[in-house]
Amino acid sequence: MALRIDRDACTLCGECIPVCPFGSLEIREDKLVVLETCTLCGACVPVCPENALEVEEVERDVACNPDEWRGIWVFAEQRGGEIQSSSAELLGAARRLAEKLDVPVTALLPGADVKNASSLLSAGADEVLFIKNDELAHFGVEPYSKVISDLIEERKPEIVLGAATFIGRSLLSRIAVKVHAGLTADCTGLDIDTEKRLLLQTRPAFGGNIMATIICPEHRPQMATVRPKVMKPLEESYDSSGKVTELSADSLSNRVKFLEFVADDTSQINISEADIIVTGGRGLGDPKNFSLIEELADLLGGAVGASRSAVDAGWINYSHQVGQTGRTVSPKIYVALGVSGAIQHLVGMQSSDYIIAVNKDPNAPIFKVADVGIVGDLFEVVPKLIVEIKKLKGG
């Protein structure tokens, strides 16, 4: 579709400009101009007194020859010059996909003064494209999307991956529009159809009640964002003979001006980074019983998690929620107490190294992913467990 302007009818009255929610209409040199931020929502059409605006269907040939596109690219996220852990997770996933396609893996690193760019090579990249410019020191969706989309159109990677963080979600969706590609958001699984060279992108659908696998057969690149902590980094350093290539980025514009970065100084624990998590679900029966979860978590030196049902019931703060609509976690030990294990919850914790579950229902889905499952009353099991741990600790 496209927004068509009847130049003969348009009187440049400007009535359409303030109603655009995206600021996509401007008058320049005695002409009404549509900016690239236009989403074709149509809000401007009915307010034009001259009926000079129309959203119309246009045929646009954006299909491509997939054989011209090769390689896997990973957007390596950095904040304040520090490369984020999600980059190693994505490079590990990309490396495994690349082995099936027999293609190189490239890490894209926009920034200014970034530390340890070469660490992306040992994490799985064959090459790091360090796009250096002071305007890229802090994330801005306009300059970041411009430099990356220009590189995509120039070098033609068949797959582009990014983390499903607030930065990755904002950036890759903008890039997908620029390069006329599809985007699957918040993936929990990636694989390759080796015969057709298609990226199989799996994510929860219909409220998390089913898992859908999505493909993009006609357009390139195939793009996806992946939830942090879902993919595993490489177990051993990748033996790469690659290099860090520094690219310059000129003439970048950004309508958003960065003023300062204010760090979160709250003492609240980030459960995404915890090595041990003890999670309580609706089976606790009462918010007061979270004290049992907290006691066990304290003894183990871990964090307290919660299922969505426990959070929705108002028993505990949302910051503790694990699952599709909460935090994705991958601790060394995950203890699920009174958690049934709905798909929405499983997608947020099933990559944990070791899972222990306690539930009265022998058919609870949580047992399908548990390494150790105890069918029983958590109010009998957990107090005994606490006693034994205290004995081991000499308490």
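A Cβ is built for glycine as well, from the same backbone N, Cα and C atoms used for every other residue.
Helix, strand and coil residue tallies for the domain '4Fe-4S ferredoxin-type' (1-30), in that order: 0 helix, 8 strand, 22 coil [DSSP]. Here TrEMBL flags 1-30 (among others) as domain '4Fe-4S ferredoxin-type'.
Tertiary neighbourhood of the domain '4Fe-4S ferredoxin-type' (31-58): same-chain residues 1-7, 9-13, 15-16, 19-25, 178, selected by CB-CB distance under 8 Å and a gap of 6+ residues from either end. Summarising the annotation, TrEMBL assigns domain '4Fe-4S ferredoxin-type' to 31-58 (among others).
Just so you know, the Cβ of Gln324 (FAD binding site) picks up 21 other Cβ atoms within 10 Å once every protein chain is counted. A coil conformation is recorded for Gln324 (FAD binding site) in the three-state DSSP classification, outside any helix or strand. The feature FAD binding site is assigned by TrEMBL to Arg282, 307-308, 321-325, 338-345, Asn359.
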Tell me which residues of the chain lie with their Cβ under 8 angstroms from that of His345 (FAD binding site), as long as they are six or more apart in sequence? Gly281, Ser307, Arg308, Val322, Gly323, Gln324, Val339, Ile366
Sparsest Cβ surroundings (other CB atoms within 10 Å) among the binding-site residues Val339, Ala342: Ala342
Model confidence over the domain '4Fe-4S ferredoxin-type' (1-30) (mean pLDDT, whole number): 91
Below 8 Å Cβ to Cβ and six or more residues apart, same chain only. Which residues does that give for Arg282 (FAD binding site)? Ser307, Ser309, Ala310, Ala313, Gly338, Val339, Ser340
